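Down below is the structure, laid out as structure tokens.
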Amino acid sequence: MKKNKVPTELIFSLPNDLLVNILARVSRLDYPILSLVSKRFSSVLTLPELYQTRSLVGLTENCLYVCLLSSRADRIPSWFKLCRRPILASDTRKSSGYVLATIPIPHSPPLHRSSLVAVGSNIYNIGGSISQSQSSSVSILDCWSHTWLEGPSMQVEREYPSASLLDGKIYVTGGCRLTFHGCGDQTDNVVVDGKLHSCGGYKGVAYNPNDGRWDSLGSEMNLGLKWSSSCVIENVIYYYYHNENIKWYDTKVRSWRTLNGLKTLPRFARYANVRLADYGGKMALFWDKFTGCGNQNRMIWCAIIALERRNNEEIWGNVEWSDAVLPHQVPMAYVCEYVVAVNV
């Protein structure tokens, strides 16, 4: 029996409110592909009403935003988001099916030496360095419209601050005092067990917002987090340090353990730029590979890792896929500075 196909003209003649309701139920990973269907689809996919509908019907998703920064003086940021890749009939290369799609975001504020934190569908850009001076500014990226808004300034200027979200509030530490390196005093914040853990130097402290108490963590938690990458997934801290394995922190015995099961991943170069992020309970891992004559360019790679706790002393990672996700090489001057998971 022959199936009846819906005429293309019928789809394109749908009123905007109905089209918004339909597209709101499609995974946001597919939006870049849908934007290629027609100018009208591309226009509807930018409407705030679309994202309001997604929120109302409970269909928001974790979306990974990636920011590449140039070492040039102007520090122009380039923004991307992870999405599904259009598969062409002529494609012969085995692919994960994912790619970093460019996001045109005009009038981006400086992001050099600042801290980014996601709050709902927004990304807060806090502090940093503007014209080689510490900044107290706060700017907000609306990930529905991809426009920047000016937020309330901090009372203190901060360079290399660390920001975390806890109970609906953003806590910012560090970055106030200039050291002899010309950088702010540096800490790294993570939220575990409902407490803000702040590590800097050789010791750390934990802040409990319920009773306002600060408790010492000692030195066992600190591994120089500021110079690598860390994230918290389902109340467990994960951490990467140059040329080492990915580790997780066992709060019961207060020690770091190696994340098992990642033998299919390559060994990262000593000075590779590695970033970790919580991607809906899985680990998103980004790193770069040097290419070209004299390692003049970089390729940006990504792996999505499912995590499984097998007993109290072991966590295993299963690499679901890994692939080069930027379709082209980038000059050595560009680094993957930030990876942020946003609910949109």
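Any Cβ shown, glycine's included, is placed from N, Cα and C.
The helix, strand and coil residue counts that DSSP assigns across the domain 'F-box' (8-54) are 33 helix, 0 strand, 14 coil. Look at Swiss-Prot and you will find 8-54 tagged as domain 'F-box'.
Summarising the annotation, Swiss-Prot assigns repeat 'Kelch 1' to 122-168.
Swiss-Prot lists 170-195 with the feature repeat 'Kelch 2'.
This prediction places the mean pLDDT of the repeat 'Kelch 3' (196-241) at 81. Here Swiss-Prot flags 196-241 as repeat 'Kelch 3'.
The annotation repeat 'Kelch 4' is assigned in Swiss-Prot to 243-276. Long-range contacts of the repeat 'Kelch 4' (243-276) within the same chain, counting only residues at least 6 positions beyond its ends with a Cβ under 8 Å from a Cβ of the stretch, are 192-193, 218, 220-221, 223, 228-231, 236-237, 283-290, 298, 303, 305, 307, 312-319, 322, 335-339.
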